[in-house]
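A short write-up of the structure that comes next.
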């Protein structure tokens, strides 16, 4: 069997998350249907991870196997077959044990907040213009994240994760005009973790808690200590790291 | 009476154009309802122009009159009252005969085309990735526009315009990565004109007609000589020029 990687993006608005489910529509289901139809054999994919309902991906990977030799025309055929909210970037062969999930060395997410009412980013950024946010305090709080590895406080309860340990590589807010962008990178993320971190950061930015309070939030190892999850529609998976050679 | 200008933007996706209509929902109707409710008097507005069903505006102006002295808090109140797809930028007093439509010296539109399937610009750019476009030829065709003033060929039939004369100030395609942006500026535009120009330009870019053929299209003074209208969802009114002093 040949193993292929597929790089793609999707607008998560109309999906109940990335991962295939018995009832609700998912990105993975659409992807496997397209691959199976065009290749005329049953194709199963393994994704780099999963994203929740409504969350987007600008760069996502999955792997699949087939005996067929594939070329780049498949990208165009898949894009024609798939709905407009899933776009294939490229398909390329990898070593036959290279794994989209286990060989990923990091994941990077971005979260967008609009500080001004913006009618063009309603579906892509959190419209947070009613109250100001102090980005400096939010960045102070970011620094505290690097002192910890156990992020139980930011994890959804009752998941099947064996550990709640993550290595944080980057966590930073940047302001561009009236838009805030949060970039966060780690070896792995727990379910709901980025949105829980953003929700907590926004509590810091709006003065509800102080940057130093984030220390206690993390040490509590209790989801209810952290802030409410930020809305899903403003969260993007933007990169997954691999060493292909 | 005091006369005020209001600067705002809107996402046209859910509206049957800017101008108020008996049956269908319009941006102007929402705007007048918000102003009338908050100011507690019947407010009528006069817009800088009108945009068609589905067309957006990043910068639009209207004027209205009231005896109330208004301040900037009204902007925030209106933004809270209005739906998320209409955003007020500012409200400021002007001379009592300054007119949003008649005192506008130019209008500028932008039109976006994606040359690659892009799941994040489905609602904001024309997804034109199945066939390549030659931007150089499209820009050659742009130059021909400046030789003419009668744009009957790009005007919707049976409108109440007295003349079809326009002074073209700018018409240019720019490529940024896989995105094309067309910027067009003129003293006035006829109904449907930008989308008819874009549709014709895309026929040039895809090789269906040659740049020089645009000359004949214009000289025919016949709408059926021009290309099919480009989709509305990728068109933005981006500026209206005034000399406020």
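Placement of Cβ uses the backbone N, Cα and C atoms for every residue, glycine included.
Copied from TrEMBL, the annotated features are:
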{"type": "DOMAIN", "residues": "A:9-103", "note": "domain 'Pseudouridine synthase I TruA alpha/beta'"}
{"type": "ACT_SITE", "residues": "A:52", "note": "active site, nucleophile"}
{"type": "BINDING", "residues": "A:109", "note": "substrate binding site"}
{"type": "DOMAIN", "residues": "A:149-242", "note": "domain 'Pseudouridine synthase I TruA alpha/beta'"}
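A sphere of 10 angstroms centred on the C-beta of residue A:52 (active site, nucleophile) encloses 19 other C-beta atoms.
Here the residue listed as 'active site, nucleophile' is positioned 13 angstrom away from residue A:109 (substrate binding site), judged by their C-alpha atoms.
Per DSSP, the domain 'Pseudouridine synthase I TruA alpha/beta' (A:149-242) is made up of 30 helix, 26 strand, 38 coil.
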